[in-house]
């Protein structure tokens, strides 16, 4: 019922906007003094290029106008199509899932594509993906980029590897600890990257985050600085200032519809994982699980106030007093200035979920901020009557191709060692190891509302 109302609102909006459609170029912002990058050629030599010139030369789609399908006249339709559309036959992929056990007892699911990559060299670039709120590797927005990226060069693709890091409890990954995930906790992506870097030590790792995953990716890169394991990163539909964008949702009728849809999806995620969560009756999470089960179509903030502020990460940061305190801690907009790898963020001006985007990029010479007039939240559907093809995949793949051979001479990730079977980073708690389970995963299986 909620989404039927949202669909009606979106269609009503279309009637008002169809005659006043925006026809503007994408807005792209660089710092006043973009970083000079060192880039390795195929022959092994290195040349220097500014980040701005690299984007201008190698990412033409980003600089051109984006024209959606004629009937997608506002961000609501983009967003609803992304969430409710049937993409079961679009961009199919098979993954090989590796289950990682973390030292805190939690489990991550790393889905590798293509499932059989035995014909690829161990130095092949790897796209490392973080999905949205309650999503996973099955999401259509993930597949829209990875299908052409992982297709062989002979078939017109890039011939890359990709790894989707499925959060705890998402996409069939079991919950094996009293901790879930959140927009601000970066420990899990840190451990996943340690594992991937040990599996393919010579491969460049290229980050790609969607929505909540974009916020996590951005925070990880900023927190690591010159110790980052990624060569470059792209963030799509990052919510940036969690408090401000949450307020934007709560201040309008349609915004509350979106918020309740996301809140209910989070409740559903807890329900799907009750068997795993029930194994910790003496942990403080137990009483919060009971409270979650009483929520009916909650606003996202109501869910976060009940659950995420407690179970979204470890001590000493968690638990927070309130969801608002968690939002202030977990936002990424205030730490962009700490990024030390090439970083591209793309948002849409008509995104009904992310209404506030900081276009200054923190004045960071490593950062490129882009804003399209259209696209909604994780939509960006291009021309065509069926609108199953996403325009966004092209600028993302151009960026990844342009930055895969960037040489980061000052980058120095922490040394990794093995202890009791766990890969561990020097000077840090935590660790990860592969465990039994996993196997082939069909990308076209799905659960819950997509695209959020």
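Cβ atoms are placed via backbone N, Cα and C, with glycine included.
TrEMBL entries are annotated by machine, without manual review.
Lifted from TrEMBL, the feature list:
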- 1-21: signal peptide (SIGNAL)
- 125-355: domain 'AB hydrolase-1' (DOMAIN)
- 211: active site, charge relay system (ACT_SITE)
- 351: active site, charge relay system (ACT_SITE)
- 377: active site, charge relay system (ACT_SITE)
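DSSP assigns residue 211 (active site, charge relay system) to coil in the three-state reduction, outside any helix or strand. Spacing of residue 211 (active site, charge relay system) relative to residue 377 (active site, charge relay system) is 8 Å (Cα to Cα, whole number). Remark: residue 351 (active site, charge relay system) has 75, 79, 237, 375, 376, 377 as non-local neighbours, by Cβ distance under 8 Å and separation of at least 6 in sequence. DSSP assigns residue 351 (active site, charge relay system) to coil in the three-state reduction, placing it in neither a helix nor a strand. Summarised as a single figure, the pLDDT of the domain 'AB hydrolase-1' (125-355) averages 98.
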